[in-house]
Amino acid sequence: MDKLRAMITGIQGYVPEYRLTNKELEKLVETNDEWIVSRTGIKERRILKGEDQGSSVMGAEAVKGLLEKTGTDPLDVDLIICATVTPDMPFPATANIIADIVGAKKSYSFDIGAACSGFLYALQMGSQFIQTGTHKKVIIVGADKMSSIVNYQDRTTCILFGDGAGAVMLEPTTEDLGIMDAILRSDGSGAPYLHMKAGGSRRPATQQTLDANEHYAFQEGSTVFKFAVTNMADVSAEVMEKNNLTGDDIAWLVPHQANMRIINATANRMGIGPDKVMINIEKYGNTTAATLPLCLWDYESQLKKGDNLILAAFGGGFTWGSIFLKWGYDPK
Ligand code: UT7
């Protein structure tokens, strides 16, 4: 029997309307547009406003658009995996809520938490469900409402993050296309450098944790930066070597959008020129699990069947990884 692979057959993103610009952040904290742009590459980010609006709202919008675009009946979806660090609530899973909103009544669904590498992890997991032959349509969603865990009085983090979601459809193919290889890694000893201190089972919410601002994302930026530069580049180079690929063979690098300097370092290490790197950090900032699908969505019209793509991410955990895939379709 021919080898089954999982292929992305559609992509859709969703970003909220509201744009939080660097100029506006200058009014909230001691910062300036020049510092933010030169140190990170970010000019603005999108923020989901309104009461009772969680990550599922954005995830569901992306999935609805994806179903429409791919002409998929929601009842034909087998599985929805949502990668998020900002679930609507600790339980049920945000994927359950998304599945209900979009009418995927015959699917099962669950969340995974791997921070900024969440989409990569979920993509590899979904790919393996397809490869077994038991699943025909798997949707992978990356959705994060980072504004819900960002302290807008902390200039070291509030300038970085934004809200957004992206979703891809995975389907089986016997062509030499789709997800070809993946290397995923994690190292929990990185937890002290990037985490949320309270709200989990170790430190449940109390007045004290609230007063101490422990329900916000905490990051020791320069430490995370060093690990991100080395690990994201190393793992991308490793996946290329393993598959006998050089920079010339790669059509696109799809990097996690945390910092323009990390993106450039990764591309350099891989021997990939700037014209082959997907970048949208300037308009969305770091949307955690949504950065990779939002990049694919923005660049979809430039992707051609058979293009070699390297997806790479690094984030809280630490978690990191790289996926090599061959794009499955020409622009429609
Ligand atoms: O997606 C998950 C993984 N996360 C990442 O990959 C993020 C990794 N880290 C980074 O991207 C960078 O470390 C940051 C963008 C967060 C910070 O950039 P940096 O070049 O590492 O700056 P730094 O933390 O070393 O700070 C340099 C200076 C400090 O002042 P002093 O001590 O030199 O006087 C900071 O207080 O910049 C100051 N600073 C700011 N100044 C103006 C920090 N934040 C700001 C700010 N505006 N927003």
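Including glycine, each Cβ sits where the backbone N, Cα and C put it.
Per TrEMBL, the range carrying the annotation region 'ACP-binding' out of 32-36, 247-251, 257-261, 327-331 is 257-261. DSSP gives Asn286 (active site) a strand state. Sequence-distant neighbours of His256 (active site) (same chain, 6+ residues apart, CB-CB distance under 8 A): Cys116, Ser117, Met232, Ile262, Asn286, Thr291, Leu292, Ala312, Ala313, Phe314, Gly315. Per DSSP, the secondary structure of the domain 'Beta-ketoacyl-[acyl-carrier-protein] synthase III N-terminal' (110-188) breaks down as 25 helix, 32 strand, 22 coil.
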